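Peer 1: I have a structure here, written as structure tokens, and I will follow up with some questions on it.
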Amino acid sequence: MLFNSVEFMIFFPVVTILYFLLPHKLRWFLLLVSSCLFYMAFVPRYILILGFTIVIDYIAGILIDKLEGSRKRIFLIISILTNVGILFVFKYFNFFNENAERLAHMLGWNYPVSSLTIILPIGLSFHTFQSMSYIIEVYRGKHKSEKHFGIYALYVMYYPQLVAGPIERPQNMLWQFHTKHSFDTKRTVDGLKLMAWGFFKKLVIADNLALAVNAAYKSPEAVSGLTLVIATYFFAFQIYCDFSGYTDIARGASRIMGIELMQNFRLPYFSKSISEFWRRWHISLSSWFSDYVYISLGGSRCAKWKWHRNLLIVFLLSGLWHGAAWTYVIWGALNGFYLVFALLTRSLREKLSHAVRLDRLPALQKFVKVFVSFNLICFSWIFFRATSFTNARFIIKKIFTDFSLSINFGSAGITRYQVALCCCVVAFLTAVQLLQRSRTLSEEIEKKPLAVRWGLYYAGLILLILFGVFNTSSFIYFQF
Amino acid sequence: MKIIKKLFLFLAVFYLLTQLSLIFLLPQSTVYNNRLNYDVFKDNVHAIEPTVKAIKATIDKQDLKEYIIFVGDSVGYGTPCPPDKTMSSYMNLLAAGKNSRVRVFNLGIPSSMFGDFYTVLLLLDKYGISTENLILNFSYWEINAKTPAYWLKHYLKDLDRNSYDAMVSRGHIQQESPLAAAKAELHHRLNSYFAAIGYSGFISNKIKLNANSLLNQPSSEIMVWSKKPKLPRTLNLPENRWYYSDKTFNLSESSPQIYFLNKIAEHQKKKNTLYFMNAMNDRLLNGATEKPGFQSNLSGIARCFRDRKLNYIDYNKKVKYEYFSDHVHLLPEGYEFMAQDLWKKIMLNKENPDAV
């Protein structure tokens, strides 16, 4: 079920009202059943996969908690192999198989393994990583295993974050399911506002930008290099609003029920470096890789070359996590390269900054850093958005060879109004985010008198109705 | 419970403000400008209802005693021409030139067929708009199509449940799941009761049009068919060959189109109604319309109307080749020519029902 669907507009209030009407001991059951219905609205039979991993991880968690030493380790391995195995079969098998087939063909070998005809279950990477997080935390002794099967199943399946995160940790979620949450007016208002802002970001900003981005990326040969640059900037805002919009709706819906989900974005495009960007973008995934892969590999407390290798491994895996395609691998590798390059050139850059006296103008220095980081991130988004490596290569080549100043979205079927609307929504978002650097939008509005407050809410509602794209388009991160 | 009260008040104020401002202050031309606003309609079929309401408001405001309703497909709608260069617009100009108070209202819908035409008539009845004078156009292939109501099936379900059920039982309309039916009903109600939702498409479309004109957005060029080199190849694609198929058409009572033609004929009994089939561009279609099968279908269609004693004109061979923009749609000159001919015929038919 999509958040931006009519079904959800009925589902959400019904579930929330029932949640508060039911006694606490029955709430987990309501949420679990609702989550099953929410998930089954996509492809019903895939709930079996989810059910299978839940049973395996639940049992493994209890046994890991009980056992010691190598026996404990066996169940950790069983659980991780099950999760990674399912992920591999459904998400990566065809990718590796096709590449192996291509390699075999190049070498003139016979390759008899055919690809699987399966659809990727929605949000598979998200709930698999959340399950693994539980098992690793239990194994590390940082969290006790959950004895209540229903609560554990709910931890994996909790509908607001089931299909696109945030990828939660057991220590943040499980206790919240056990705690009784009464209806709270302030919390409800906060939750509704967060949801409204999420819907606005998705329907007004992301989906309008998507029209221009899709048109330009679909036929890059028809548009100029400058148009592709603008489309790439638009995509940067589209993906941010699409994903953070989803997260806001998820967090808002959950907050109303008293269950707080972790923050996934903290104004990432204001980052002064790539490493800062990754601490502000998709925080739940970045921290997952940091806690369970990067640190396990030795993190930064090792030889320099190993540190750099660790960074590259983490970002390659992060790229692969996003999708089984070379474009995602390159996108991940490129971000890893940025980080390593930044580390290698840190002193040189500091010297350069000092030489041109940029360090004496902190505001300008900050602006330059934000500007450079943002553009590097935008460059990497080309690989993320392109339909194939060839497509990405063509777009990059065109950007760096076609210097005509014409902006011709029109040849891709986009009118000037649509381009102007895209510029307006980007400007609006930037203005709001500049405000949000010091305090939240909600706090800012809260200070105003009632008439102004309501006026602003009405304006938002009218903008949503007039400029929202209500064709129930899916969220980009659902495919991961 | 304070929050519930506050939320309710917030929504009630919003509802009242939008209902009042949109219903009383929104210019009718934003909703109906010489024809149905297809840009809005294709994204939300419920746009038909504000359009019919806008026509009714114009009729009442101008106290029109006599008017003609134009129902039909994309040719009636006026594809690819702007709203002021359609058959209905040219007929309005003719009427104005003759100091006649007769006005023509265009409810042509691209890709619509007889089930949709019939449903439009029922909607007009619902809002008290007379169909005393009606022009109905259709294209050759539409009378053999298996889909009776492409756009307006939910309205058909609402306005003539028996016909809807008959189409479902014959398999011409797919049976809806209870969830899909509930969703459609909810969508319908939201559009009907909330002006902010029902009219939002028209307002955003108006903003779009104004902004594009402010930004000098070049309008799409209307070209004669002979200047479109890809057109013959496009028409030869398998999915487009049904436009000029020479296979025998089903014109029996089992055809969904004939079912609705009967319904329309019944609805229009003793009313001034003119049915016409759009001309096809034989030169572009490379003689496809000369094939015996095609000719036999044309005769069959003519017989169909004759048997029902309906005033019918087949415009094939009556429109110059240079008036076409493709296989069936016309250039402004073509629509002007058609308007002049139709004006004469509908007026003649009004005075003497057996003349056409």
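Note that Cβ sites are derived from N, Cα and C of the backbone, with glycine treated the same way.
Just so you know, TrEMBL annotations never went through curation; they're auto-generated.
From a predicted model like this one, the values you see are computed outputs, not experimental measurements.
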Peer 1: Of the residue ranges A:113-136, A:305-328, which one carries the transmembrane segment annotation in TrEMBL?
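Peer 2: In TrEMBL, residues A:113-136 carry the label transmembrane segment.
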Peer 1: Do we see three or more Cβ pairs under 8 Å linking the transmembrane segment (A:222-241) and the transmembrane segment (A:417-435), pairs being at least 6 apart in sequence?
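Peer 2: Checked: the transmembrane segment (A:222-241) vs the transmembrane segment (A:417-435), in contact.
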Peer 1: Applying the under-8 angstroms CB criterion, which one of A:5-22, A:28-61, A:73-93, A:113-136, A:329-346 scores highest with the transmembrane segment (A:148-167)?
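Peer 2: It is A:28-61, which has the most Cβ pairs under 8 Å.
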Peer 1: At a threshold of under 8 Å on Cβ distances, which of A:5-22, A:329-346, A:417-435 pairs most often with the transmembrane segment (A:28-61)?
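Peer 2: Ranking A:5-22, A:329-346, A:417-435 by Cβ pairs under 8 Å to the transmembrane segment (A:28-61) puts A:5-22 first.
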Peer 1: Give residue numbers and ranges for long-range contacts of the transmembrane segment (A:5-22): same chain, 6 or more residues beyond its ends, CB-CB under 8 A.
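Peer 2: Distant contacts of the transmembrane segment (A:5-22): 30-31, 34, 37-38, 41, 159, 182-183, 253, 256-257, 472.
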Peer 1: Near the transmembrane segment (A:329-346), which same-chain residues lie under 8 Å Cβ to Cβ, leaving out any that are not at least 6 residues past its ends?
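Peer 2: Tertiary neighbours of the transmembrane segment (A:329-346) are 273-275, 278, 307-308, 311-320, 322, 376, 379-381, 383-384, 389, 392.
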